Amino acid sequence: MIEEYRGVWVFIEQNDGEIEGVSLELLGAGRKLADKLEVALAGVLLGDNVKSLCPEVIAYGADEVYVVDHPVMKDYRTESYMKGIMLLAEKYKPEIFLYGATPNGKDLASAVATDLSTGLTADTTMLDVDLEKRLLEASRPAFGGNIMATILCKKHRPQMATVRPKVMKALERDMNRTGKIIEEEIDLKEEDMRTKVLKIVKDITKKASLADAHVVVAGGKGMGDLQGFQLIHELADTIGASVGGTRDVVEAGWLPHELQVGQTGETITPKIYFAIGISGAIQHVVGMKNSEFIIAINKDPNAPIFDVATYGIVGDAMEIVPKLIEQFKVLRKEKGGEVSYV
Amino acid sequence: MHIVVCVKQVPDTKIIKINPKTNTLDRRSAPAILNPYDAHAVQEAVKIKKMVGECTISVLSMGPPQATAVIKKSIEIGADKGYLISDRAFAGADTLATSYALSKALERIAKEEPADLVICGLHAIDGDTGQVGPGIARRMDIPPVTNVIEVTELNEKEKTILLKRKLANGYQLIQADYPCLMTVGKEINEIEYSPMPNMIKAARYEPIIWSVNDLENVNRPQLGLKGSPTIVGKMFTPPKPEGGKRLEGNSDEQVSQLIELLQDKKELFFTAR
């Protein structure tokens, strides 16, 4: 039974005809798995008028693209999208099926896993296969400890996982790649839908400030209290950076949830990341470790944050940060301009 | 109107300690609490109850007998009734087996009064998956709406509910026919202080406890560990990155070294004009 299932699939999430970054990253990660298993890598594309995106999916590594194109699938809805996925998965039987751990990807994967009665691993950060048993090894930080757990799904197929954005690497776009496009018809009627998307409101400002920031100043519980945490805001203001924080800080109410960096918050890759008063629990580190230049300031010389930092300062943030702010202000005056980044 | 809120007892991750030898959780160190997202789910049910005429709020949980504590906590917030399904047969369940057991309990509850709305927290802070809510919706064949940040309107005549569903950047305004299931984040409301009568009711309240035998048409192989397709293969400490350079000296020296380094990194950082 299990042997019937072959191939690695990636759900290609698109919004308004634009493919989400995480889907391209998953094509990169899926390529490696498919090569190891010596099977095809397929992208699964659903939407309204999305066929034109197929060459992109192939350029980023897919051998095949399964497309279900229907007006009812214009905007993401669990009920219409899962029908499309079920149609394909039951007919073509992939052995591995990956989704981006975005709000829509998680929603879709949870519903599909239930209907397929198969296993689903949430928020994966490492992927590999056990070649002999053809098992997907989906690893994610285990609750609480600085430890990873590898989740297996031995007896059910497809083996499914949602994968954190910005953890895997996309391949170089190669328009010379060729692939096969497989179209499936679906019978959907708008009248049968029990949910309607009345409108979509984009709020780019809030998100952009953290996810797309070049420089992020993040603080943790080591800032002591809400007042101490003001130093994080002050430093960020001085150098024109965005503010981020750990889960603890958000739980304590010092920052809104949108500014949480880590497993249950944002995964970000700024050019410069200041980790101040942050010990470096794995849940936080998975959200920032791919930043280009990481500066850690912490009292505890053994704090795990120093393991991922490019430069570490062992010391009291309360003493160092004000001096840093001072120095930056002097610098700003000298150069007679704003601090900026390329 | 009948609202059922699914709640879970979790260890308080803010307090829990890590055993430095095994790198795993010392569960005994943490008090058990109502999953914070679920508290917001109960609070939202209370808000909806105020919007509509007649409304009963039931809470449903699965767990060991001591999980009755989170049902009492939910009564404090404003729930009317509470059910706990508790049996060794449920133990070791992953998200698929959990949604199966809870959907069977919901079937039993529906015999008394079917649910118009099922509300779950976005995810539990111990598992962080967010997969059980949508799973329950599929099993009940009702539409799931995850990540709801606002209940905008409820039309009892048309049996529709207007919801804002959070997206990666922005939100969708969704009109759903109910019965439906929604999962809610923390943005949806503020937990209010419980009025005294609720506290008194909670203290005296005895939740209804069901074992697997109290549920009907249960396919036992779909429960607990046996019904769970996923298993933990291994636990490991991730390979340690090498770590970078430490900046030595007193704080003044450290700060000036850092400033210099940042200025050297011209491609990263420079001052304009």
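Cβ from N, Cα, C; glycine included.
Per TrEMBL, domain 'Electron transfer flavoprotein alpha/beta-subunit N-terminal' is recorded for A:8-197. Summarising the annotation, TrEMBL assigns FAD binding site to A:246-247, A:260-264, A:277-284, A:N298.
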For A:Q260 (FAD binding site): intrachain residues, at least 6 apart, with Cβ closer than 8 Å: A:G244, A:G245, A:T246, A:R247, A:V249, A:V250, A:E266
Position of peak Cβ density within 10 Å, selected from the binding-site residues A:I278, A:I282: A:I278
Binding-site residues, contacting chain B; criterion Cβ under 8 Å; candidates A:T264, A:I278, A:G280, A:I282, A:H284: A:T264, A:I282
For A:T264 (FAD binding site): intrachain residues, at least 6 apart, with Cβ closer than 8 Å: A:R247, A:Q283
A:H284 (FAD binding site): secondary structure state under DSSP, collapsed to three categories: helix
Long-range Cβ environment of A:H284 (FAD binding site), under 8 Å and at least 6 residues apart: A:G220, A:T246, A:R247, A:V261, A:G262, A:Q263, A:I278, A:I305
Residues near A:G280 (FAD binding site) in space but at least six apart in sequence (CB under 8 A): A:A296, A:N298, A:A303, A:P304, A:I305, A:F306, A:D307, A:V308
Other C-beta atoms that fall within 10 angstroms of the C-beta of A:T246 (FAD binding site): 30
Coarse DSSP state, helix versus strand versus coil, of A:Q260 (FAD binding site): strand
Mapped DSSP class for A:T246 (FAD binding site), helix or strand or coil: coil
